[in-house]
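What Swiss-Prot says about this one:
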| type | residues | note |
| --- | --- | --- |
| TOPO_DOM | 1-74 | topological domain 'Cytoplasmic' |
| REGION | 1-21 | region 'Disordered' |
| TRANSMEM | 75-95 | transmembrane segment |
| TOPO_DOM | 96-118 | topological domain 'Extracellular' |
| TRANSMEM | 119-139 | transmembrane segment |
| TOPO_DOM | 140-275 | topological domain 'Cytoplasmic' |
| TRANSMEM | 276-295 | transmembrane segment |
| TOPO_DOM | 296-307 | topological domain 'Extracellular' |
| TRANSMEM | 308-325 | transmembrane segment |
| TOPO_DOM | 326-759 | topological domain 'Cytoplasmic' |
| ACT_SITE | Asp363 | active site, 4-aspartylphosphate intermediate |
| BINDING | Asp704, Asp708 | Mg(2+) binding site |
| TRANSMEM | 760-779 | transmembrane segment |
| TOPO_DOM | 780-789 | topological domain 'Extracellular' |
| TRANSMEM | 790-810 | transmembrane segment |
| TOPO_DOM | 811-830 | topological domain 'Cytoplasmic' |
| TRANSMEM | 831-853 | transmembrane segment |
| TOPO_DOM | 854-905 | topological domain 'Extracellular' |
| TRANSMEM | 906-925 | transmembrane segment |
| TOPO_DOM | 926-938 | topological domain 'Cytoplasmic' |
| MOD_RES | Ser930 | phosphoserine |
| TRANSMEM | 939-957 | transmembrane segment |
| TOPO_DOM | 958-972 | topological domain 'Extracellular' |
| TRANSMEM | 973-993 | transmembrane segment |
| TOPO_DOM | 994-1010 | topological domain 'Cytoplasmic' |
Amino acid sequence: MGDKGEKESPKKGKGKRDLDDLKKEVAMTEHKMSIEEVCRKYNTDCVQGLTHSKAQEILARDGPNALTPPPTTPEWVKFCRQLFGGFSILLWIGAILCFLAYGIQAGTEDEPSNDNLYLGIVLAAVVIITGCFSYYQEAKSSKIMESFKNMVPQQALVIREGEKMQLNAEEVVVGDLVEVKGGDRVPADLRIISAHGCKVDNSSLTGESEPQTRSPDCTHDNPLETRNITFFSTNCVEGTARGVVIATGDRTVMGRIATLASGLEVGKTPIAVEIEHFIQLITGVAVFLGISFFVLSLILGYTWLEAVIFLIGIIVANVPEGLLATVTVCLTLTAKRMARKNCLVKNLEAVETLGSTSTICSDKTGTLTQNRMTVAHMWFDNQIHEADTTEDQSGTSFDKSSATWVALSHIAGLCNRAVFKGGQENVPILKRDVAGDASESALLKCIELSSGSVKVMRERNKKVAEIPFNSTNKYQLSIHETEDPNDNRYLLVMKGAPERILDRCSTILLQGKEQPLDEEMKEAFQNAYLELGGLGERVLGFCHFYLPEEQYPKGFAFDCDDVNFATDNLCFVGLMSMIDPPRAAVPDAVGKCRSAGIKVIMVTGDHPITAKAIAKGVGIISEGNETVEDIAARLNIPVSQVNPRDAKACVIHGTDLKDMSSEQIDEILQNHTEIVFARTSPQQKLIIVEGCQRQGAIVAVTGDGVNDSPALKKADIGVAMGIRGSDVSKQAADMILLDDNFASIVTGVEEGRLIFDNLKKSIAYTLTSNIPEITPFLLFIMANIPLPLGTITILCIDLGTDMVPAISLAYEAAESDIMKRQPRNPRSDKLVNERLISMAYGQIGMIQALGGFFSYFVILAENGFLPSCLVGIRLSWDDRTINDLEDSYGQQWTYEQRKVVEFTCHTAFFVSIVVVQWADLIICKTRRNSVFQQGMKNKILIFGLFEETALAAFLSYCPGMDVALRMYPLKPSWWFCAFPYSFLIFVYDEIRKLILRRNPGGWVEKETYY
């Protein structure tokens, strides 16, 4: 792809510009306008809605409220690509030349031989079968838009001319007045004008798992975070709301993400690039040799027809016909193996991409963490207690004997609206489903585990009044009867933002006794609050108060709207803090990535402090590495005075990222080894991925929301979450983690590296036999000897004996250094490099050719033709009219007899290639280790050795083969001609690998380590 900058077509330029516009943050101003201004802007009435005629006009202008599907490639085009791409073209040319040669022969001779006809048919069949196979494997296409379609709401409740009406969502237009209620999907982007207890689930868009409250007030400059906008295709969870439509179809926020995901040019996968490079290389060699010898044979005086037949022979000998099938089978096998390890690979070539990954951008919630809020710490009796956050409750426990803890657990259980869903008595507490928000269910599970049934506690302390949590007073309060029948006081319990709770208290509970809340205790509270907050935890304060019986007698009517009871001078009990804890297997996985040279970057929408705490917990920021803020705190200097290059780690806030240029982003990615991006938006995730790719990294990205789909699509490999992932993210991804676990990615990396190694080995094995296939033709033309190996016999090797052994190398186990190497550099570290070619063609291949020729000369000599009399004999040998050709001993040979000897030589040459390929298969098992270290555990490979030998014997001895393939039975002794050469190959390569291991980086490694 040259630089098409100047000649860029207007369409291409426009496409590029649109994408850049999409990458910018969502630009909206409606949330900052008053309701009247919004209605004026869209010419609508906030009570009556639009008129029918106006709505029709707008619908005609803007088009339906639907997403446009992306352009797709027709299936027949894809099929043709498989049939006419790469090697296939060469083989087609070969097949056409065969038919051509047969045609010429049929026209000029009385009894044309059918060789060329059969060969042409076989070549065409090979191409069609491998083409169908590859097409079948690749028959998954961009289904991104289809999953977006499922997300589009079907019906909408619209108010027009003051009447409520149900419309198809596609007919909703800008300016329409729309109502949504709990359970509805939002039909377009709305500016809320009135709401009652409305909450929406924006997780598919922003990744925030908590339902977000919606109200008419502008609460944030960023339209994605403000409360008065709801977005197309998010879900309304509870309550009702009414709003004015401000965008429809592709112009909605969700529509822009859809366009962004389908509009991204997806680059070729690294393995596709490698295979293409390899095909060009081999094709180049084949065409060059074919044409050179075509010209040479014409100069040497052969006829056109003979020259064409040579050309076909050389092309057939040069092209590894079975190779593309081998590659596809290798990738399919690995994909199956990964599916067993919870990685579902959608795009076969992505398997290898994962192996060359050098940067992983991972989500935090649910990928690195368990995706369940859990109580992590408590502060009571003036000390911090640690709770157990492990998935299987194998961690620490704390002292539950204090009376303060009893009071604290009471408040946490009673001042809590979360309940376990029914019918889960036999399910472990941590696995139970809860109705209620994340923090409350964390408290519920914690109390249930440590203090027994919360349900019983609530039955004994009947609730008589409650003020639910709201954002203005930031607390939740309830009033209960006490369980002691002799105590007629009411118990008031309250939880909320710690500083707000503390302000309402005048005493504090220590060891179960109330003490006055003095400055010293306030400072202790402040320190505990800061410490827990600094761990990235979400802290809540708890207090209680027994209402005096004389003021609040039994049956007192508590009024929660116009509060008629005491809500200050309460007694502070303690703090509890919650966090979504890291998954158990993640720190180990991050460590493995580090030793494999892979940089792990955390990208999250969460708060920087929480993000940093989790990053330290899982080892993304390793012990002893500091951020700029840490250095500033340690040296007691302002952050601006610290040189950013001194800090190995850094935490970048989304708002800062928004204002950075590409150069600044590159600077960060180059200078810091451990990076956390917090509070990022989906567009920023895409910018981070592109930044890493500018550095030349191969990037894997994990994501689960719709918001992640552009980044998943842009990354070299997108990894979606199987359990929590939205449909859209699964469609955009190349791979799905069925258990949502980061550790599975590392398994994937190992498998990806293994497949690359094994493909190299497979190709090295397959290419080596090209030399003993080509050299017979060269000598046939140059030295004028009878043909040592026929074209049909070559196909028997490439599509017969070599297939199973080549595929068996895909089952080879990893060598010991696989996860200790740096990721491969796609620019310099090719699948097929000069060293592999020099080993296969220049060294091992040459020894194999010698073995073949040795068998050939032995058989002819045994029949009376010594090597000395063979040179220059070809013209008389192939002449049908000469039936009295003399050998070295003066015996006369007819044409038919000569041909039987020649075909026996073909068979012997074929068998000797099989024998030397035994050794080649065994040495290809390893690239660096000795075969004795690696062992012979690969059962498929052992089967391959036996299978190719059995096939060779079958082709040689089966009756009728002399007619079908011109294979003749051999004397047993002729099988042994190639044995010494096979042994030589094995010894030669073991010595080479020994030198390799003894002198790493030495001359032998530079020249021969592929």
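Every residue number used here counts from 1 along the chain in the order it is shown.
Placement of Cβ uses the backbone N, Cα and C atoms for every residue, glycine included.
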*Any contact between the transmembrane segment (939-957) and the transmembrane segment (790-810), i.e. 3 or more CB pairs below 8 Å with pairs at least 6 residues apart?*
yes
*Take the Cβ of Asp363 (active site, 4-aspartylphosphate intermediate) and count every other Cβ within 10 Å, whichever protein chain it belongs to.*
27
*Give the residue counts of the topological domain 'Cytoplasmic' (811-830) per reduced DSSP state, in the order helix, strand, coil.*
1 helix, 0 strand, 19 coil
*Quick one: average pLDDT across the topological domain 'Extracellular' (958-972), no decimals.*
84
_With a cut-off of 8 Å between Cβ atoms, can you find at least three pairs linking the transmembrane segment (790-810) to the transmembrane segment (276-295)? Only pairs 6 or more residues apart in sequence count._
no
*Any residues 6+ beyond the ends of the topological domain 'Cytoplasmic' (811-830) with a Cβ under 8 Å from its own?*
270, 273-274, 277-278, 333, 355-358, 592, 595-598, 696, 698, 749-750, 753-754, 756-758, 761, 925-929, 933-934, 937-941
*Which of 119-139, 276-295, 760-779, 831-853, 906-925 shares the most C-beta pairs under 8 angstroms with the transmembrane segment (308-325)?*
276-295
*Mind checking which residues reach the transmembrane segment (906-925)? Cβ under 8 Å, same chain, six or more beyond either end.*
761-762, 764-765, 768-769, 772-773, 776, 787-790, 793, 796-797, 801-802, 805, 808-809, 812, 844, 847-848, 851-856, 858-859, 931, 934, 938, 941, 944-945, 948-949, 952, 955-956, 966-970, 974-975, 977-979, 981-983, 985-986, 989-990
*asked:* Please report the Cα separation of the residue listed as 'active site, 4-aspartylphosphate intermediate' and Asp704 (Mg(2+) binding site) in Å, rounded to an integer.
replied: 8
*asked:* Do any residues, 6 or more residues outside the transmembrane segment (760-779), come within under 8 Å Cβ-to-Cβ of it, and if so which ones?
replied: 278, 282, 289, 293, 310, 313-314, 317-318, 320, 322-323, 326-327, 330, 785, 787-789, 794, 797-798, 802, 805-807, 809-810, 812, 831-832, 836-837, 839-841, 844-846, 848-849, 851-853, 856, 909, 912-913, 916-917, 920-921, 924-925, 927, 1010
*With H, G and I counted as helix, E and B as strand and the rest as coil, say where DSSP puts Asp704 (Mg(2+) binding site).*
coil
_Beyond the flanks of the topological domain 'Extracellular' (780-789) by 6 or more, those residues with Cβ under 8 Å of it_ = 293, 296-297, 300, 302, 310, 772-773, 852-853, 856, 860, 870-875, 877-878, 898, 902, 905-906, 909-910
*asked:* Comparing the binding-site residues Asp704, Asp708, which residue's C-beta has the most other C-beta atoms within 10 angstroms in this structure?
replied: Asp708
*Any residues 6+ beyond the ends of the topological domain 'Cytoplasmic' (926-938) with a Cβ under 8 Å from its own?*
757, 760-761, 808, 811-813, 815-817, 990, 993-994, 996-997, 1009-1010
